[in-house]
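Visitor: This is the structure I want to talk about, given as structure tokens.
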Amino acid sequence: MSKNKPFTTANNRGSTNFSAQHLLISKNIVHDLIRHAKIGPGDMVLDIGAGAGAITLPLAEKAAQVVAIESDPRFASKLINKTEKIANIKIRQADFLQSPLPKSPFSVVANIPYSITTPIFGKLLDGPGIPLQRAAIIVEKGAAKRFTSHPITDPRILKWRMWFDLQFVRTVAPSNFSPPPKVDSAILCINRRKNPTVPLKYHARFMALAVYGLRSPRLPVSAAFAEVFSPPQITKLARTLSIDRNMPVSQLNEQQWGQLFMAMLQHVLPARWPRIPKQKRRN
Ligand SMILES: C[S@@+](CC[C@H](N)C(=O)[O-])C[C@H]1O[C@@H](n2cnc3c(N)ncnc32)[C@H](O)[C@@H]1O
């Protein structure tokens, strides 16, 4: 392959996507990412899709350890050469989606490949035992809005937000990348919740209620949970939790979802609990 061709990458289906990668060229944005992720000398940090190392190197000045994962062998080998004398950087040439996550607490600072944003977030946020603490990630602005906004219509995003606070931090203009992408980007911050309304052990059971409750996001709360709570229970709950029983179920916030779930555990017989959805196979 010619030296002048743009860097390319394997996508999550194992084929090759020959589009150019949008590398960060703004030191201010790199600085902002590291600051928002609150990286300090005790932190082990993943840089997902490290490219030419725009984030990796400044990150290593703040963190205890940086593991940079890059699937493109040309980026990876350049980065290995560039960082061989820096003791706290490890470069892994690998597909992040197929790589094991750290077993001890870690953070993420990254400008990721947009084409696999949801699989990357799923890998970081889906499982109950993943020790992710904090992250600042550049994603397409549309995705950042979708992951952080109200109403909440997607049970998977709701589940992420029950245990992690997802915040839209700021828009990042195309001029901060080379080549500039056609769309706006954004910094999205993730912080593990210290006191989630629902204990982590109920992760799968909560997902069952979320999938059931959001099957038709425009249904009023009373109809959405009709098979779980009896009409008097719903009326009482709505009053105690200050919820309008006629509002669309998608208008419930994370805290109200948590309170409804805890009420279900306490007051509803297990036979009426929604079933835990079968895990989808991940390749
Ligand atoms: C948008 S570029 C960002 C590069 C660098 N972080 C920066 O900000 O300049 C995304 C990078 O992710 C890499 N990449 C794409 N798919 C990947 C995967 N599945 N696992 C690891 N890296 C991947 C690409 O090769 C590319 O270098």
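Keep in mind that glycine also has a Cβ here, set from the backbone N, Cα and C atoms.
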Visitor: From the candidates G42, G49, G129, give the one listed by TrEMBL for the same S-adenosyl-L-methionine site as H22, L24, E70, D95, N111.
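Guide: The record-listed residue among the candidates is G49.
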Visitor: Compile a sequence-ordered list of residues in the same chain as L24 (S-adenosyl-L-methionine binding site), six or more apart from it, whose Cβ lies below 8 A from its Cβ; state 'none' when nothing qualifies.
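Guide: Non-local contacts for L24 (S-adenosyl-L-methionine binding site): V30, G51, A54, I55, N111, I138, N176, F177.
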Visitor: What is the total of other Cβ atoms whose distance to the Cβ of D95 (S-adenosyl-L-methionine binding site) is within 10 Å?
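Guide: Other Cβ atoms within 10 Å of D95 (S-adenosyl-L-methionine binding site): 16.
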